[in-house]
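Take a look at the structure set out below.
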Amino acid sequence: MSGYILAIDQGTTSTRSMLFDRNMRVVGLGQQEFTQHFPSSGWVEHDAEEIWKSVQSTIRIALAQAGISAADVAAIGITNQRKTTVVWDRISGKPVHRAIVWQDRRTAQFCDELKRRNLEPLFTEKTGLLLDPYFSGTKLAWLLNHVPGLRERAQKGQVCFGTIDSWLIYKLTGGKAHVTDATNASRTLIYHIGENRWDDELLDILGIPAAMLPEVKDCAADFGMTDPALFGVSIPILGVAGDQQAAVIGNACFEPGMMKSTYGTGCFALLNTGTDRVTSSNRLLTTIAYRLDGVTTYALEGSIFIAGAAVQWLRDEMGFISVASEVSALAEKADPNQRIYLVPAFTGLGAPYWDAEARGAIFGLTRGTGRAEFARAALESVAYQTFDLLEAMQGDWKGATNHTVLRVDGGMVASDWTMQRLADILNAPVDRPVFLETTVLGAAWLAASRAGIWPDRKGFSERWQRDCRFEPAMPEKERESAIAGWRDSVSRCLTRPQ
C-alpha cells in the first residue's frame, strides 16, 4: 500500500524519522543522537554534515522497520530545532562553519550593544522578538564578521544561509532548493512577520546581504523533490514548520484562543491569536503559528527555561530519586501542611521575567521538610511558571479568556499528579492527547494534507483524540494563597524589580 508519510523531526540532541500510514498510525521509527560541541563557555555548535547523515540514516531505519520502500512514500514533512544557524557554499554544499545552535550565547554583547542604541523596539515591532542571542540574526552576523572572506562571498550570492530546515531541504533536493517556511523565518530576527518578507532595514543594521537568504513559503507548500540518487525515487517535500509551531498544529490548536504547552527539559507555551498580531506588553514573543493558503496565523509565545530539568536536578544533583518517573509518587507523599516553593532559576528566569541573572532558591523549609516536599515543589514550580505565562497572555490579548483549555505534550505530561496540579493552579482544564508525539504529527499533517492523503484542518481537528481531561479541583482560597506564596518567592530571586 502506498500513501505513507515520512516525518523528519530534527531536534537539538537527536534526529528522528517517523513513518505514518494513511490512518495516521506510526509504522516505522528511526532515531539517532549526534555530537554536541562546546568550543568555548556559552558556545554551542553542531556539525551540519553529521546532522544530515543522521537524517539519511534514520530514514533508512524507519523504512526498514516499516517493511516498505521509498517508492511507497507519498510525501515528506520536516520539523526542526528553531533558530540554529547554518551557512554553506551554494555550489559545493559544504558548510563554512559548524552550525551555531539556538542555545549559543556568544552574541550577548552584540545584543547589548544594539539595545544601548535603542534598537530593540524596532526589532520587536517588526519581528515580534526581543534582542537576544537565541535568535538567528546575530548568529549570522557573527559568522559574517568572523569567517574570513564570508561577507564578500555572501554579497556575490555564493553562500546560503538557512535554519536547519533549509539545510536539510537543500541536501534532500541535491542542492536545487534554497527555501524555508514562515515559522522558521519568523525566528530569525530579520523577518517582518506583519508583511511576510525579509526586512531590508534590519538586514542593514546587522550587515546581512539579502542574496544569501532563502525563499519563504507557506508551511504546506511545494518545497522541492528529493534527489533520486538518495532513495531511488523522487519524493515531494510538502510540509515544514519549526518544532513548537509543529506542536501547535499536531495538537490541532487551529482556533484563536487555543493554547498548547510542551513540557520537556524546559517548556514552550503558544497561544493562537488568529490573524491578530498582538504586541506583548509583558515581554512575551509574538510569532507566526503557521501560514496556510497564504493566510498567516499568529501566536503569543512564552518560554520556561526549567521544567523537566528540575526533576533531573532532583535525580542527578540531589540524589532524591533514582529515575525521573519516581518523582510523582514521591510528591504525592508530601505533607500537605507544608508549603515549599522551589524557584528553579538555575539559568535565570524566562518569560515573563527575562532575568538572566536571577538564581534559584527554595523557600519555606522546616525541620520536617524531606524528599517528598522537594519533589512536590519541583513539580509545582512547572505549574506556577505556566500560570505566569497564561496570566501574561491574558493581560496581552482579550481573546485569552479564563475559559482557555490547555493542550499539553512532552515527557512530563505522563504524570497524572503533575497535570492535575497544573489544572488546579491555572484554574483551567488541561487536555492530554492520546498521541503525545504532537511535534512530528504536526509535520506529518502538513505534508499529508497537502498531498490530499489526510483530512483538512476541520477533519484533522475532529480526529484529534483526548486521553484525559484534568479539571481544576483546588478550592479558590487555597489556590490564591498558593499563588501569592509563589509570587513572593519569585520576587526574592529577581535581580531587578518588575
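Any Cβ shown, glycine's included, is placed from N, Cα and C.
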Matching residue for the sn-glycerol 3-phosphate site, where Swiss-Prot names T12, Y134, D243 - out of R60, R82, R197, R291: R82
Spatial separation of T265 (ADP binding site) from T13 (ATP binding site) - C-alpha basis, Å: 12
Other residues, Cβ within 8 Å of R82, Y134, D243, Q244 Cβ centroid (glycerol site): Q81, K83, W102, R187, G242, F268
Local backbone state of S14 (ATP binding site), from DSSP in three classes: strand
Fewest other C-beta atoms within 10 angstroms, as judged across R16, R82, which are the binding-site residues: R16
Among T12, S14, T265 [binding-site residues], residue with fewest other Cβ within 10 Å: S14
